[in-house]
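Features of the protein shown, as given by TrEMBL:
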| type | residues | note |
| --- | --- | --- |
| ACT_SITE | 80 | active site |
| ACT_SITE | 80 | active site, proton donor |
| ACT_SITE | 234 | active site, proton acceptor |
| BINDING | 12, 71, 81, 82, 171, 207, 225, 226, 235, 236 | substrate binding site |
Ligand SMILES: N[C@@H](CCC[C@H](N)C(=O)O)C(=O)O
C-alpha cells in the first residue's frame, strides 16, 4: 500500500505524494491525470484540494528532497509557499531533522521547524526566494514599464484607485492594495479570470493578490491563484504582498519586524530580508496534516483513487487548527 497525505497551510490544501516510496514513480502524464481527478470537488476524495505536492529524491547537496507543485488544473508551478511548509514538516519527520534545504524548480530553499503557533498547530518557516521585479522574469508585457512597483494600471482598474505591484518569487504575482477587500472581491474574480485566459499582459497567467492594510505590519490578503481560482490562502502571494507593502508604504511597515498576514483560511507571519539589493522573505505558518490515505500503487498509476478503494484515517489535527483560527478574531 502507498500513502497520500491530505495537508494544508492556512487551509490552502494539497495531497502530498512521496514518489521516493513508490516502486515506479508516476509519469508526468499520470501525475496530471491524478491531480485533476483528486483535486476536483466532484471527483476528488475529501472534497478535493488546490493541488498535489510531489516529493522526489534530490541529487543536490544539503537538500532532503525535491518538491514539485502541480496546480489543480494540471499545470506545474515553480513554487508554493504554503505547500513547502507541509513538505518541510513531512521531510523533517521522515529524516528526523529540524533545519535543511528542499530543492524546488528554481531554487534550493531553507526550511526550519518553528515554535508551534498554538497547541497542536505544527509550524514551519520557509524561504521564499529568488525575488525578481523585471518583466522578463514574470513574464509580463504591454504595461508601459519593465518594472511595476506601486503604480495605478488603468487597463486593470479603470478608476485608477488600486496601487499595483508585480513580483516573481519566483512564481508570478500581481498585487493590488484596496481600501476594502470584501467590496473588491468581484473585481478580483474578473481580473483573475481575464489574466488567466489568453491575454496580452501575462502570457503564462499570474496569481493575483488583493490586500487591505489593517494596521502597522498587518495585512489581509485574498488570492485568485493561477491554475486553481480562489484559494483560502497563497503563501508566495502573501510573501510577495508583504514585500510590496514595505516598498510602497514604508511608513506602515517596519522592515525589522514580522508582518502578520491574515487570509480567509487563517494567518501567517512573514519576515522580510535583504542582502545587498536582493530581497527574500521568510514565510512562517501552520503545516497541518488532516488525513492519511492508503491506496495501492497500481491504483495511483491508473488514476483510480476514490473513497471506495482507499482507506482514509483522520489525524485529528484539524480540530486544533480550527480552535487556533477561532481565537484569531
Ligand atoms: N498556493 C501556492 C502557490 C501555488 C502555485 C500557483 N498557483 C502558481 O501557479 O504559481 C502558495 O502557497 O504559494
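Keep in mind that glycine also has a Cβ here, set from the backbone N, Cα and C atoms.
Features per TrEMBL, on structure.
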residue: 12; record: substrate binding site; DSSP class: strand
residue: 80; record: active site; DSSP class: coil
residue: 171; record: substrate binding site; DSSP class: coil
residue: 225; record: substrate binding site; DSSP class: strand
residue: 234; record: active site, proton acceptor; DSSP class: coil
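Cα of residue 225 (substrate binding site) to Cα of residue 80 (active site): a distance of 11 Å. Other residues of the same chain near the substrate site, with their Cβ within 8 Å of the Cβ centroid of 12, 71, 81, 82, 171, 207, 225, 226, 235, 236, are 69, 77, 79, 80, 83, 223, 228, 231, 234, 237. Calculated from their C-alpha atoms, the gap between residue 81 (substrate binding site) and the residue listed as 'active site, proton acceptor' amounts to 7 Å.
Ranked by how many other Cβ atoms sit within 10 Å of their Cβ, the binding-site residues 12, 171 place 171 at the bottom.
Within 10 Å of the Cβ of residue 225 (substrate binding site) there are 28 other Cβ atoms, across all protein chains. Largest CA to CA distance in the substrate binding set (12, 71, 81, 82, 171, 207, 225, 226, 235, 236): 16 Å, whole number. Ranked by Cβ neighbours within 10 A across all protein chains shown, the active-site residues 80, 234 are led by 234. For residue 235 (substrate binding site), the count of additional Cβ atoms within 10 Å of its Cβ stands at 29 [all protein chains shown]. Calculated from their C-alpha atoms, the gap between the residue listed as 'active site, proton acceptor' and residue 80 (active site) amounts to 8 Å. Every protein chain considered, the tally of other Cβ atoms within 10 Å of the Cβ of residue 81 (substrate binding site) stands at 28.
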